[in-house]
Amino acid sequence: MYSRKSLSLISKCGQLSRLNAQAALQARRHLSIHEYRSAQLLREYGIGTPEGFPAFTPEEAFEAAKKLNTNKLVIKAQALTGGRGKGHFDTGYKSGVHMIESPQQAEDVAKEMLNHNLITKQTGIAGKPVSAVYIVKRVDTKHEAYLSILMDRQTKKPMIIASSQGGMNIEEVAERTPDAIKKFSIETSKGLSPQMAKDVAKSLGFSPDAQDEAAKAVSNLYKIFMERDATQVEINPLSEIEHDPTHKIMCTDAKFGFDDNASFRQEKIYSWRDLSQEDPDEVKAKKYDLNFVKLKGNIGCLVNGAGLAMATMDVIKLNGGDPANFLDCGGGATPETIKQGFELILSNKNVDAIFVNIFGGIVRCDYVALGLVEAARELEVRVPIVARLQGTKVEEGRDIINKSGVKIYSFDELDPAAKKVVELTQN
């Protein structure tokens, strides 16, 4: 739901426990949009952003820079990852953010960026594909602040986090000078009052001349958060600008997240989705109506129920193992969903074993057992499978497994099953 930075910041502000922060990360189900789309949305709400244009070819980059009619330009690779400036491309070309001074430079840099993968600390070694660049005018900043809006899970209310120290790693600010971080809790029934917007603006450290526009920007950012079903609005930096005739305050970098559950009423926003930026297995899982998040371990997990899935991963860790994924097949575990889940798990070449943990309430364990046996045969599974089944029709389920001739280690209890799957991966 939130970026790692925001979750860490909330935790340091005493709003979320570490456990809740991890759970929120593992349940990430939101849309992120490219920077040029974020700027488009901000402008629709009357919020200042540096003038700029996206480009999808080197020739378009040349024309975009020409249209801006200045030698003070920035070109940014459009990839949904942090740390673009410190990243590098799969060709060895350095940095996803470059200062440029001419249309020809824009074209030359775009050639290096477009249709290549940008690799940062957040992407892993594969990187993220770059199919667009964003060319913007450089602005002269007088002061940089930080502002984010998100839901506080503790109070169940929207919360604004503000700091007069922006344009840097906000986590470091929270550690070094926690008093520099201000929090404002908003009653959803009342909304953001003009007075609170002014209080937030005042906390950002802008000059008196810029206070009114800053308060208006805060109000409009909150409108975006509420009207567009956002899960996160993060502006870093929110800048006071010098020598600009149109705006004293500008969002010079923005990050948004939008709630997937509201996609049906945010069709325009969701038309901006870039599937090339998402993990293909997670995209496939969504089509299957499975909740899947890839992790870094070697034990594939298939479980029904998010809470049981979290507990299963905990038990694996407690026994010295490392989960390769979070996979909740929900209350509709069927032979088909079992097979789809196995396909997702086995697409990860790091998986050395599969752990199936099913509690049969609505779900019948004999159906699950049939699915396990069919999936193991059809997919020619070569890694060990450990299955812990409990609940409705469990005896019939165990009987199906035992008579199948397929090598599946069947258990009644969770802890012995977890120990077995860890043992199998270690041997």
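Including glycine, each Cβ sits where the backbone N, Cα and C put it.
Bear in mind that the values here come from a model prediction, so they are computed numbers and not experimental data.
Going through Asn298, Asn304, Asn319, Asn427 against Swiss-Prot, the one listed in the substrate site together with Gly361, Ile362, Val363 turns out to be Asn304.
For the pair formed by Asn236 (Mg(2+) binding site) and Ile362 (substrate binding site), distance between Cα atoms is given as 47 Å, rounded to the nearest Å. Once Cβ contacts within 10 Å are tallied over all protein chains shown, the recorded positions Ser102, Asn236, Ser276 are led by Asn236. It is Ser263, among the recorded positions Ser263, Asn304, whose Cβ has the fewest other Cβ atoms within 10 Å in the structure shown.
Compute the center of the Cβ atoms of Asn304, Gly361, Ile362, Val363, which mark the site for substrate; besides them, the chain residues with Cβ within 8 Å of that center are Gly305, Gly331, Ala333, Ile358, Phe359, Gly360, Arg364, Gly391, Thr392. In the three-state DSSP reading, Lys76 (ATP binding site) counts as strand. For Ser102 (phosphoserine), the nearest of the binding-site residues Gly83, Gly85, Asp253, Asn304 in terms of C-alpha separation is Gly85.
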